[in-house]
Amino acid sequence: MPNIFNRLRRRESVGSSQAPMMGASSPTPLQADQTRSSTRHWGPLALTYANNMSRRSTSNRRSMSHRQSAAEEEAGVANGAAAEKIEPAGLTQPWLVIRRSILSSWINVLLLVIPVGIASHPANFPDVAVFVLNFFAIVPLAKILGYATEQMSLHLGDVLGGLINATLGNVVELLLGILALVKGQVEIVQTSLVGSIIANLLLVSGSCFFFGGIKNNEQVFNTHAAQSYGSLLAMAILSTLLPAAYNSLNAKDADLKSGVLTLSHVTAIFLLVIYIAYLFFQLKTHANLFSAVSLEARKAAAQKPKSSDSDEKLATPQPAETAVASTSATPENFGTPAHAATAAASRDQIVAIGDSAESKNEQEDDDEEEVVELTLWASIVLLLITVGFIGVCAEFLVDSIDGLTESWNLSHSFVGMIILAIVGNASEHYSAISVAVKNKMDLALGVAVGSSIQIALFVMPVLCILGWIIDQPMSLYFSPFTTVVLFITVLLVNYIIGDGRTNWLEGLVLVISYVIIGVAYFLYPKDMDTASTSL
């Protein structure tokens, strides 16, 4: 903002210095009267205004200087971080590998429970204590497993790394299912798989939409990816509806049981074919359809609604604002609407500089690349060790389920559908909610809904085929109650994600739906079987 008082003084000095040089004559009496009148009228007012503007200009310059210094400091830190590249820890540095693995997440503080959980079974702890200890021991192990998988995928490229991530993303559910299936607990296997699908679709997705919607007005994501997810989930529902419909036929029980098992085995094979085709589609041929929405679109949707005054200001034509902002604040326009608009334009310019710096920071955070902290072999060894610990804890957990249901008077359906589903996806819950709050809904949706697709199209068919091999009646048939719950869940989620936009209310709807389902399974009679063993 120009300083009027200084400009007036410069005009007088320039006029007095140039008059002799140019040989100009002295002012006429009329000009002298006009000058004295203007000085008497504007002198005190211009001095007050000049002092105010001087203080404001100094404050604005300081604010801009602070912002510029902060931006330079952040740039220096980023350049320093890039210059000091982290060296990957290898097998010759076991303590560094352990330290980086433990410090990868605050959830890993629960690693202290692992030795107690493993020792609880040989020490003949009560089944409830064994279940609870190993329940919490699996949570940090699943997080470290994800960390090792990500580090390994960074060495293998986009396609092979994405394949590894997709295959090992549900190792916990797969290990729990294999151990329970070998012990003949088919009901636990089936309910835990269906429970994982429902927990990911309702609890995880709903929490992402709710917490992300509280911080952001609306969140957008790729509609093409959402439609692909919906189609694959519908395919998974079809694979469970057909065995249920077949079992309702009026035929002999022996024929129905044999037909349901055969239909399930054939369907499982085709589901694996669909899953392989889905991976090839997502990672190779149509990877562009799963790209994230641009940062500008996400920021526009996340902005809170403007007030009416702000809308009117935004509705002002841009050329007029530019013209007004360029108008000089002279004594002739001081106190006029033009002068007020000039001051407002100056303040808006300062705010725009701050918004630009914040947008740059968000862009840098959005484009942040993952750092390779472990070598390939260190990642593989860490993954194998983690899988071994998960297998031990999962075996002790499965062995204690019968004692838990008797002590707490719970049904196997509730344990498999709710409790085991939560423990198997605990680390994914935290990761998905964290990225959703950062307005990265494409990534959050890929974690939540993508995990459900992996369970429905990969884990469930693999366990069905494994049951076929070891002669266990593992099928894709569920009770009518469970089939209806799964169908309504997929239908509700497809309705919500179909438009590519979410808010906190839609998230609350999904979370409340999961709570209602949990209450229903808590009240489910213990003597009723929800699995295919009732055939």
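Cβ atoms here come from the backbone N, Cα and C positions, even for glycine.
Feature list (source: TrEMBL):
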type	residues	note
COMPBIAS	14-37	compositional bias 'Polar residues'
COMPBIAS	324-333	compositional bias 'Polar residues'
DOMAIN	128-283	domain 'Sodium/calcium exchanger membrane region'
DOMAIN	379-517	domain 'Sodium/calcium exchanger membrane region'
REGION	1-38	region 'Disordered'
REGION	55-78	region 'Disordered'
REGION	304-333	region 'Disordered'
TRANSMEM	102-122	transmembrane segment
TRANSMEM	128-148	transmembrane segment
TRANSMEM	160-181	transmembrane segment
TRANSMEM	193-214	transmembrane segment
TRANSMEM	226-246	transmembrane segment
TRANSMEM	258-281	transmembrane segment
TRANSMEM	374-398	transmembrane segment
TRANSMEM	410-431	transmembrane segment
TRANSMEM	443-470	transmembrane segment
TRANSMEM	476-497	transmembrane segment
TRANSMEM	504-524	transmembrane segment
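The highest tally of CB pairs under 8 A with the transmembrane segment (476-497), across 102-122, 226-246, 258-281, 374-398, is held by 226-246. The list of residues near the transmembrane segment (128-148) in space but at least 6 beyond its ends in sequence, with Cβ under 8 angstroms from a Cβ of it, reads 101-102, 104-105, 107-111, 113-114, 116-118, 120-121, 168-169, 171-172, 374, 379-380, 382-383, 386-387, 389-390, 393-394, 396-397, 399-401, 403-404, 407-408, 419, 423-424, 426-428, 430-431.
Residue counts for the domain 'Sodium/calcium exchanger membrane region' (379-517) under DSSP, helix first, then strand, then coil, are 115 helix, 2 strand, 22 coil.
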